[in-house]
Amino acid sequence: MIFIACTGILDYALDRQKDNREYAVSNELVQEETVTSNQRSNMRKRRAVANHANKKSRLSSHTTLSSPHHASELFDDIRAVISSSWNMKWDLLASFSPFFITLVVFVIFVHWNGSIVLGAKEAHAVSPHFAQVLYFSLVSALLMPPVHFSFTQFVLLAQLFWKNKLISLFKLSIAMTVGFISVHFFSIAHPYLLADNRHYPFYLWRKVLNRHWSMKYLLVPLYTYMWFSILSVLGKRQKKLWVVGYLLATAATLIPAPLIEFRYYTIPFFFLILHSHVNDNRSWILMGVMYAAVNCFTMFMFLFRPFSWSHHESGVQRFIW
């Protein structure tokens, strides 16, 4: 919710600033054209047209500078948002008051309940589960294979890396270091994950992540590639400030959760796929067929592969997410 409110404020502030800038430029151009049409010769009129084009090019160059390919865009957007938000603080307060009210009510609930959890509070205590962000990147990329595992995406990332080798190498080193630290010190095996064999994460942990002590380290380069791919896809259409906000919101959502559950990934994944701007029908068809196959497999396992816990609990148990 906070992420939605922040992105709304971001769009509101930057769009208002852009409209004001374009309006000021258009007024200046109209005034110049009026003067030139009444007082100057044809030669000077042609110069005014050239000035008109130059001003437009400057305006467009401003837009280009705010593209994700320039490092200064993030700081420019931060300054613009802070300045515009302060100037429009009362308008923003009125427009986004429902979000503020919801946030206040949520804080009151947490204070009254003593925890964010409903139910077994001890089993769902907040934990520094930084590896959860890495698992999310892998799951999300696997759910969008035409986007993140295509030859085009490989080439694009290689070109971006080669274009600024030193900076890219520094970013890669930082990302790999954070990944290794996360899986070594902040990888949590929740008791529910180890005990409940009705859920798929139980088998993923047992057969993949915990198959060998080195497995969690071997997956770090893959996690790193996934996050670089995700951020590059989002950066094609979104401002850098939006991408940073998405990353922080995803981390704030997943890191406190000690239990590995796919349902925790749904909201961040929905934001990811909706803002990735996948336009080709082939990718949508492939992903649709894959989702249908996964759902059919899940329903088949649930309906036709029941089992029992004879040593622990009576009744029929079924596989589910």
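In case you wondered, yes, glycine gets a Cβ from its N, Cα and C as well.
The transmembrane segment annotation in TrEMBL covers 92-113 (among others).
What TrEMBL lists as transmembrane segment is 133-157 (among others).
If you look up TrEMBL, you'll see 169-193 (among others) marked as transmembrane segment.
For 213-234 (among others), the entry in TrEMBL reads transmembrane segment. Panel annotation: around the transmembrane segment (213-234), residues 131, 134, 137-138, 140-141, 147-148, 153, 156-157, 160, 172, 175-176, 179-180, 183-184, 187, 242-243, 246-247, 272, 275-276 of the same chain, lying at least six beyond its termini, place a Cβ under 8 Å from a Cβ of the stretch.
Taken from TrEMBL, the feature transmembrane segment applies to 241-264 (among others). Counting only same-chain residues 6+ beyond the ends of the transmembrane segment (241-264), those with a CB under 8 A from a CB of the stretch are 2-3, 6-7, 10, 68, 73-74, 77-78, 81, 124-130, 132-133, 135-136, 139, 188, 190, 192-193, 199-201, 204-205, 231, 234-235, 271-272, 275, 321.
Listed by sequence, the residues of this chain that lie at least six past the ends of the transmembrane segment (284-304) yet keep a Cβ under 8 A from its Cβ atoms are 143-146, 278, 318-321. For 284-304 (among others), the entry in TrEMBL reads transmembrane segment.
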